[in-house]
Amino acid sequence: MSTVEPTATKRFSFMDILKAPLLIAIALIIALLLLGEYLSPGFASGQQILRLLIVAALMGIVAAGQNLVILGGREGIDLSVGGVVSLAAIIAGNLMGGENSGIVLAILGCLAAGAIVGAINGIGVTLLRIPPLVMTLGMLGVLQGLLVVIRNGIPSGRAAPGLSQFVTQPVFLGLPGIIWLWIVIGLAMAFLLGRTMLGYRIYAIGSNEQAAFMAGMPVKTTRILLFVLSGMFAAIAGICLLGYTGSSFANVGEQYMLPSIIAVVFGGTALSGGKGGYTGTMAGATLLTVLQSILTTVNIDESGRQMVFGATLLLLMLFYGRGKALRA
Amino acid sequence: MARLVAKAVSKTYGATKALRRGDLEVEAGEVHVLIGSNGSGKSTLCKIVAGSVRPDGGQLLLEGRPMTVSGPEAARKLGIGIFYQELSLAAHRSVAENILLSDLPGGLFVNRGALNAKAQRYIDLFQGVTGDDFHADATVETLRPDQRQLVEIMKALSSEAPVLIFDEPTSALDRAQVDRFFEILRRLKDDGRSIVFISHRMDEIFALGDRVTVIRDGETVATKRIAETDPAEVIRLMVGGEETLVAAEPHQPTVVAATAKTVLAVSGLSGAGFRDVSFNVAAGEILGLGGLHGQGQSTVLRALFGAPSPTSGSVQLNGATLNPSSPRATIGRGLAYVSGDRRRDGVISGRPILENVTPIHAVKQRLALASPSALRAKAKPALEALRTKFATFNHPISSLSGGNQQKIVIARWLIDRPDVLLLDDPTKGIDLSAKTDLFQLIRKLAAEGMAIVLYSSEDAELLGNADRILVFNGGRITRELTGEQRTRFNLYQAAYEAGEAA
Ligand SMILES: Nc1ncnc2c1ncn2[C@@H]1O[C@H](COP(=O)(O)OP(=O)(O)O)[C@@H](O)[C@H]1O
Ligand SMILES: [Mg+2]
């Protein structure tokens, strides 16, 4: 036997903490909650925290798809997620029309729509070799136009009571259904990325596409699949968002594009692909939601919040971008 | 009196003696050929003369006077111009700027018109053979390899130096470009210039040269008049005597080879960089591919693997037709391919060893789930067969040495045995002990019945391991060496023979 023993485990150091995005994110979440409670007593009450988690779940579900696309590398990014969220909210509202009996059909319809959008993105990126940034930005434009057309033709639908209840009311152990759904998605993502060959393949393609191809992996099919999954996750978020707001309104989903990317990067996934995971992204989504809420508490309006988000992303790139530059 | 003399110049890089004792005498008005196998020190000698490498010892004389060249600029002032084998172009600058790089017209602002006019003189020398989109304003980055080589030639010519050195200037050029270049060199020679010319092609050397100096293992072994020698003698000088012995570690030709069944039959295979390649490999046989670097050996192996597919020809695997449409397709049929460029084609960098050793197993067994413990159990024997040193399966592959990384990449093919193993210069850049481990394994695999095709850029590896050697030249198989024919001399002779124009 010629394998050598692992070198003695390194001593724990402060630098290691800085390198663990998950720990940073959790520490920041707690710090922000304390800050919020200080600024506005009641901010960190149990009820408030539940509400924050619901909002975080919506963002986190969108970020799950974003995370997969980014992991797949080749500058993978999906800017069309916001459009898909809005589209799904409208489709769901109309298909269920406020009736519980329409929920199943609505879910199927939305998933199909999300999958189709994702497939077009994926085909554009792989077969037509359009850069993901351009492809999905173009798709976002198409979806926004489509939404205007739809809105002029049909009334915006309403959420079924069952859906609203699932999203906002406790269903099990005091937690709303959407939080359970998010936990299930978290477990499913961990399983997919760590315990399936598809997961290995996603990392391989994101890390060295040429080597993955030479090892017989179906590179293009896999990348298309990632965009399809991203579309479907955004569609699920769109249905849940309808349940949260009760009825769909113009461009409800638009607010998700930037945060879904920030959550992924905050969670330690490299924008260059092949490195990271979903657990960190969940923490990142939660952190962003708390931050958003604090900004609202101190009366910073939507445009101000967008500015803070954009600046956050740039700061993150500054920190994490270093490592990427060194590796290149 | 010779115009340029190098006496016993030497250069050592760390543990590598790049040049032990380089001697060279160049007369005015001659084309002096420098020849020697790869790594024999030709480029080092040229760079010392041109001032870009400082010698450790020895003496340089120019027109009889000792000269010290403090750098490339000084050499140029002394009248020595050079074409660098690895090219010395600024990728983002224009053709004109590159040609005149070393003496750009002075002043704060570059007068583009004057610059281009001056450069055009050198561009015009190659009028008609430069190919499309080649003009003074073109950015070097956008040029094809042959066009870049032409720019480097023009750059050397623009020095207008009495001594011009060309270190393998024709490797990417086509026949028409070479012919034009030789015409220019002959004119320069007639003007009394001294030209040092390195090439691996016997036809070029004998067509152009007046004298030839042979370098072997960093030492000048002889200088001959071209008119008084022949290719066989030059090769003998390069090899060092006409040995009959196969190699230091002779590998007996497989006895069963005559009766063993053919596993892979390739016929009339053509593609980018190779034409009409046909050969068979039997079970248990190690078939070597030899010749100078880049003569189609590597592209043939990749084509068989489907990366990318050949344009024509047929491949039979175990008697059935194989369509090499993609690596995925050929892997499924029992082919394996190991690239020498492991960073590009092999290593999934940043990922754990486990994920790097299992992808082929996953493809072949169509695994959907990844059970780390089951995969570890599968991978362990394969890694042990190669004596791979690693800490745990969870460590990233990038934490290992180059040799161990390559072992992991090779081990991924051993979990489910392929029928044919294609090795494309697999030992490039790995340490000696890893090489030894690898060849032990390869011979064992062959003994167990695997058909193996081995391309190596190191002749010793071929001579020491291959049962049969096919020599490639200009994208074709030009010679087959079997049994006692597998000598270093024969291998060199076939490799250096005039190939067809690329
Ligand atoms: N800069 C360098 N550092 C270390 N080794 C070198 C360097 N340049 C050349 N060598 C080594 O010196 C030997 C001679 O190289 P070179 O002069 O380029 O040979 P040739 O041009 O005849 O192929 C080779 O073994 C090569 O690896
Ligand atoms: Mg050289």
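Backbone N, Cα and C define each Cβ position, glycine as well.
Bear in mind that the values here come from a model prediction, so they are computed numbers and not experimental data.
Beyond the ends of the transmembrane segment (A:20-40), by six or more residues, the same chain brings 49, 266-268, 279-280, 283-284, 286-287, 290-291, 293-294, 297-298 to within a C-beta distance below 8 angstroms of the stretch. What TrEMBL lists as transmembrane segment is A:20-40 (among others).
Taken from TrEMBL, the feature transmembrane segment applies to A:52-72 (among others). Long-range contacts of the transmembrane segment (A:52-72) within its own chain (CB-CB distance under 8 A, at least 6 residues past either end) are made by residues 78, 81, 85, 118, 132, 167-168, 176, 178-179, 181-182, 185, 189, 193, 202-203, 205-206, 222-223, 226-227, 229-234, 236-237, 240-241, 244, 256, 259-261, 263-264, 267, 269-271, 273-278, 281-282, 284-286, 288-290, 292-293.
If you look up TrEMBL, you'll see A:79-97 (among others) marked as transmembrane segment.
Among the features that TrEMBL reports, transmembrane segment is placed at A:103-123 (among others).
Using a Cβ-Cβ cut-off under 8 Å and counting only residues 6 or more beyond its ends in the same chain, the transmembrane segment (A:130-150) has close neighbours at 69, 74-80, 82-84, 86-87, 90, 117, 120-121, 124, 250-251, 257. The transmembrane segment annotation in TrEMBL covers A:130-150 (among others).
Note on the transmembrane segment (A:170-193): residues 50, 53-54, 56-58, 60-61, 64, 67, 71, 199, 202-203, 233, 236, 240, 243-244, 277-279, 282 of its chain, located 6 or more positions outside it, place their CB under 8 angstroms from a CB of the stretch. The transmembrane segment annotation in TrEMBL covers A:170-193 (among others).
Residues annotated as transmembrane segment in TrEMBL: A:224-244 (among others).
Annotated transmembrane segment per TrEMBL: A:256-274 (among others), in sequence order.
Cβ atoms under 8 Å from those of the transmembrane segment (A:256-274) belong to residues 20-22, 25, 58-60, 62-63, 65-67, 70-77, 79, 81-82, 85, 140, 203-208, 234, 237, 280-285, 287-288, 292, 306, 309-310, 312-313, 316-317, 320, 323-324, 327 of the same chain, restricted to positions at least 6 beyond its ends. Here the transmembrane segment (A:224-244) has long-range neighbours at 54-55, 57-59, 61-62, 64-66, 68-69, 71-72, 76, 78, 80-82, 84-89, 91-93, 106-107, 110-111, 113-119, 121-123, 125-126, 157, 159, 163-164, 166-168, 178, 181, 185, 198, 202, 252-253, 256, meaning same-chain residues at least 6 beyond its ends whose C-beta is under 8 angstroms from one of its own.
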